[in-house]
Amino acid sequence: MRGKKIGDYALDSVIYICLTLMGLATLLPFANVLSKSISEEWAIVAGKVGIIPVGFQLDTMRFVVTSSQFLHALFISALVAVIGTLASLLVTAMTAYPLSKRELPGTGALIVLFIFTMMFNGGIIPNYLLIRQLDLINNLGSLILPALVSVFNMLVVKSYFESLPPSLEESAKLEGARNYTILFRIILPLSGPVLATIGLFYAVYYWNDYFNPMLYINSSSLKPLQLYLQDIVMNADTSSALSADDLMNVPAEGVRSATVIASTIPILLVYPFLQKYFIKGVLIGSVKG
Amino acid sequence: MSKAEMTIQARPAAAAKTGGRRWKLVRGNLDMYALLLPGLVFLLLFKYTPMYGILIAFQDFNIFAGIKGSEWVGLEQFRKLIHSDEFLQVLFNTLLISLYKIVILFPIPIVLALFLNEVRRMFFKRTIQTIIYLPHFLSWVIISGLFINILSPSGGLVNEVIRSLGGQPVSFLTENDWFRSVVVFTAGWKEIGWNAIVFIAAIAGIDQEQYEAAAIDGAGRIRQMISISLPGMLPTIMLMFILRIGSLLEAGTEQILTMYNPLVYDSGDVIGTFVYRMGLGQQDYSFSTAVGLFNSAVGFLLIVIGNMLSRKFLQRSIW
């Protein structure tokens with residue numbers, strides 16, 4: 001009996017220590033970069049900033065979040081995320097509803113066509129040439145339209161619709177309601193949780209998307225946040241992203257750190273919702289396979 | 001007539017023949033097909049049109065002449081591909097980074113899930129979960145920004161520690177000896193916590209009576225982890241593994257694009273980034289489409305094989 005207790009104690013120690021270390025390892029880069037963004041310039045240059053700020057100033061942060069380029073990029077990202085998410089939700093639901101009716105002729109074949117695109121795609125270059133042909137280069141539509149329907153999300157919504165009791169629709173049918181009325185008036189109001197989940201999937205996708213903007217956007221007035229951030233992070237010389245009189249006395253390293261932190265904040269603000277709904281979503285996905 | 005069919009028909013159908021019944025279903029539900037229209041246009045335009053565009057892999061594509069006006073060269077691009085040392089290096093890098101990611105990063109979330117399952121202090125458990133899930137939601141640009149910062153040879157945290165211990169600073173992101181390790185480590189840092197979720201759910205689905213019975217038989221907690229939790233997770237582990245193998249050739253294109261630079265092309269250039277550089281950088285559209293087709297075809301094959309294995313061993317289809 002005693003030996004077992006000691007064993008349990010040792011096991012608990014190992015588990016708690018491992019998990020704590022993992023948590024700290026996750027926080028460490030944030031702590032370091034946050035410290036840099038609020039430390040004094042001389043301390044950053046001298047490499048003295050660890051996880052605790054040396055000195056304290058908010059000038060760098062203020063400079064970053066009030067810079068017109070940053071705010072503009074933030075606006076573009078928000079615009080794409082909001083419009084993209086709404087459009088995606090609408091088209092995803094409109095596609096999933098008919099496909100959830102197995103007896104409707106043609107749905108089986110269509111589902112196969114959709115699923116096939118999860119396994120095989122044209123690849124980067126044919127996609128790029130298509131966007132070019134459609135004259136969508138340097139058009140925010142290029143960030144939304146190619147991602148309008150995620151087949152995975154559509155299948156999640158479809159299986160949710162299939163799980164609703166048919167009696168919901170029957171009485172409306174008997175009163176002569178059309179299918180689209182049933183979808184928008186009866187089905188969608190009952191689909192709050194699943195729409196919230198995949199809405200967040202879409203929103204995070206649009207917000208974090210870096211690949212499509214990099215391919216399709218080169219006009220600086222249309223750059224979303226991720227592209228702007230990449231310019232700042234990758235260019236050792238920050239001046240290319242900031243105009244000359246903006247620069248004044250702001251340290252490049254501090255600006256880069258503060259830009260990374262400022263770009264993280266929008267996600268942090270919605271993180272409680274993300275955690276709640278994403279876990280649901282990921283489990284729906286894995287259960288349905 | 002089943003209940004489901006009742007719901008779909010606008011008017012009750014009296015037709016006896018199935019052909020007539022199908023036609024009635026179509027005619028009675030024309031608005032259903034109207035609802036499908038936007039999704040269908042999307043599917044054909046943005047998913048299937050690029051597949052047609054793959055034809056340029058068999059051409060010497062001229063962007064001004066288009067697919068119809070460009071010269072057909074058969075398998076010439078593929079001949080070029082297998083004789084290209086650069087491509088072979090890229091393929092090698094892709095497989096190596098992918099294998100590192102699988103061998104090192106696949107098992108950790110499983111252990112993590114087992115560990116989290118043993119934690120009885122709910123506050124501690126929730127706090128740790130909240131922290132380790134967070135990086136999943138951040139873009140690669142932000143993650144790369146964080147790590148470029150702390151790995152920087154001039155004033156980065158890691159190198160300051162190395163220096164204070166008397167070592168020489170290492171330029172992690174510009175040295176071929178280090179770049180792959182950084183790629184694997186940062187991928188783990190971002191996704192390990194998140195990837196544990198399906199395994200945590202799998203453990204939660206195990207019948208609690210098994211644990212109680214084992215405890216009565218005198219099995220300790222370690223014994224229970226190994227003999228109950230782990231076998232209980234096995235179907236999920238196998239399914240996740242099959243899915244993971246399906247994306248073997250995706251070594252992390254977006255991640256590497258946000259981290260690499262010409263100094264580490266030798267070790268860090270993977271298929272995705274190579275296609276991007278060849279296609280959009282050097283505008284060798286046909287060659288890079290051929291590389292892309294190779295990528296898609298192998299990916300497709302791996303998923304089909306994976307599904308066959310899944311059907312055979314798990315009695316369930318991936319899709």
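From the backbone N, Cα and C atoms, a Cβ is placed for every residue, glycine too.
Feature list (source: TrEMBL):
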- A:74-274: domain 'ABC transmembrane type-1' (DOMAIN)
- A:9-31: transmembrane segment (TRANSMEM)
- A:70-97: transmembrane segment (TRANSMEM)
- A:109-131: transmembrane segment (TRANSMEM)
- A:143-161: transmembrane segment (TRANSMEM)
- A:182-207: transmembrane segment (TRANSMEM)
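Among the stretches A:9-31, A:143-161, A:182-207, the one making the largest number of Cβ pairs under 8 Å with the transmembrane segment (A:70-97) is A:143-161. Here the transmembrane segment (A:143-161) has long-range neighbours at 80, 83-84, 87-88, 91-93, 95-97, 99-100, 114-115, 117-118, 127, 131, 136, 187, 191, 194-195, 197-198, 201-202, 205-206, 209, 212-213, 216-217, 224, 281, 284-285, 288, meaning same-chain residues at least 6 beyond its ends whose C-beta is under 8 angstroms from one of its own. With a cut-off of 8 Å between Cβ atoms, the residues of this chain six or more beyond the transmembrane segment (A:9-31) that come close are 51, 261, 264.
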